[in-house]
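Here the structure is laid out as structure tokens; the discussion comes afterwards.
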């Protein structure tokens with residue numbers, strides 16, 4: 001009985017860590033610009049697709065991964081430069097709609113430039129399951145946990161210990177004031193897109209051996225990542241991680257103990273329930289509006 | 001003055017059109033209309049179908065056409081959306097004035113076009129699997145692929161032969177998997193098999209070990225049957241191996257492509273599934289009437305596109321051949337006559353199997369069209 005529970009937990013942690021990685025990217029861009037970037041799932045997809053295509057073409061895996069990350073960052077920068085920046089005076093809702101358009105464009109472009117097939121990457125450290133008290137876990141899931149943890153620490157360091165990170169935070173708190181004290185607001189927005197594209201692509205690379213990828217893979221990851229980010233409190237990196245793990249574990253326990261047919265519904269009901277009592281998510285700052 | 005010029009131009013264009021029409025009527029091409037899901041979630045069906053139709057129409061035109069007439073193919077991409085499919089079907093019938101409709105890569109897009117087709121009265125050959133396309137029989141609607149019910153029957157038949165009586169079903173909670181699940185439930189009793197665990201997963205779930213653990217802990221499960229396509233079955237297969245489950249794993253014909261073996265890797269070893277002869281042409285018995293057909297088709301397709309042939313490409317090939325044979329027998333493309341001749345198709349050897357249609361069977365395939373194959377060392381091995 002305990003072994004079964006542990007297996008459900010592992011299953012939930014595996015999915016949850018994937019959702020968490022996706023949620024993290026939403027949190028970063030929201031932090032820097034109050035924009036919810038609905039093309040975040042596409043960054044994950046591009047990371048996965050680019051690395052899988054390069055590996056299939058014979059490029060050694062480490063090099064393929066680095067190239068895939070650079071490609072995704074370039075796409076993120078291009079997205080900001082050509083779609084977001086020209087609309088910088090538009091309100092946030094307009095920019096959000098632009099990101100939805102961009103996500104459809106990126107999906108279509110990938111479909112034409114690469115292909116429509118499913119792709120996979122070899123697991124980083126083999127495919128031998130690790131047994132823990134009767135339950136099993138794939139080594140790749142550990143990679144996903146580790147990468148998520150490294151990202152959280154890295155982001156904490158970036159936002160609290162580097163000048164540029166602090167400038168980004170300042171811009172998110174008060175754009176005008178930040179500009180007045182000499183922060184290059186334009187550069188900050190550009191960097192935030194590059195950073196979240198990088199985060200998305202890293203996520204895409206580590207989850208591809210588990211979930212596979214194709215040009216549409218970003219839709220589901222984006223949706224689940226967004227739920228994770230909202231549940232954890234938009235703009236809070238740690239919150240997105242915890243939100244993702246909660247969504248994943250609830251889904252796994254629901255399909256284990258209740259019914260697999262309703263697991264998605266159960267996860268969404270819990271999110272709605274939390275948001276009903278805590279509209280800013282579990283770890284979100286309470287928003288105050290000056291009247 | 002300007003008006004005069006305009007009128008003059010119009011008159012000239014009209015005269016030109018009339019002249020052209022007069023010329024064309026000598027050997028007007030046979031118009032084949034197709035709406036396929038060449039992009040979108042079902043593109044793995046629509047794309048090979050489109051390529052196949054284009055390749056064979058071009059090939060036949062080079063060889064001088066059919067009945068002394070060239071073929072003209074009009075293809076639209078419905079992206080897998082039913083509303084687009086019905087719009088394109090309408091356009092093909094009303095403005096392109098095609099002689100036959102091929103397509104509907106999915107059951108959804110096919111069913112969206114059926115009411116239009118029935119009203120317009122035009123032969124329609126669907127390339128989708130759902131059993132409800134031809135059941136109940138619709139006057140103008142035919143189909144070439146095997147149904148999901150046949151796949152389920154083939155699998156249950158194989159289980160029965162092996163003395164398996166209690167199984168677990170795990171299916172995708174959408175489209176193909178859902179329909180397969182319902183058909184399985186319908187026919188499973190005929191084989192004396194009981195489904196003791198019935199689990200589902202969403203098409204894009206990253207992990208299904210929770211569902212499989214539940215199955216593993218259900219007492220008496222002798223085999224697991226997975227119904228789905230895309231990456232889902234590959235994830236099921238990998239998780240199945242991860243949990244160290246040892247009962248036989250069956251998949252549906254939805255995974256009968258090399259992509260599945262590539263994605264699932266070593267975990268696919270020993271998986272059994274029903275598949276058309278097209279995936280194992282070399283292993284068919286020399287006496288098998290299908291052998292020359294599928295061998296030739298596989299060779300031509302793979303030479304033209306440098307990619308592995310899929311059974312879906314075969315469905316389009318069969319559809320085109322069945323129509324052309326019927327038109328040749330009818331001696332014209334008169335819609336009513338062609339329809340009657342399609343219904344009389346008998347003993348046509350296609351990539352999907354032996355096709356013999358009747359007034360009550362607009363698909364014409366029997367269970368023998370499927371072979372059981374097992375995956376060994378990353379390849380299909382015939383194992384009837």
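Using the three backbone atoms N, Cα and C, a Cβ is placed for every residue, glycine included.
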Taking A:222-240, A:241-259 as the choices, which stretch does TrEMBL tie to transmembrane segment?
A:241-259
Under 8 Å for C-beta pairs, could you tell me which stretch among A:142-159, A:188-211, A:241-259, A:265-283 has the largest tally with the transmembrane segment (A:6-30)?
A:241-259
Below 8 angstroms Cβ to Cβ, which residues of this chain, lying six or more residues outside the transmembrane segment (A:265-283), approach it?
227, 230-234, 236, 238-239, 242-243, 246-247, 250-251, 254, 258
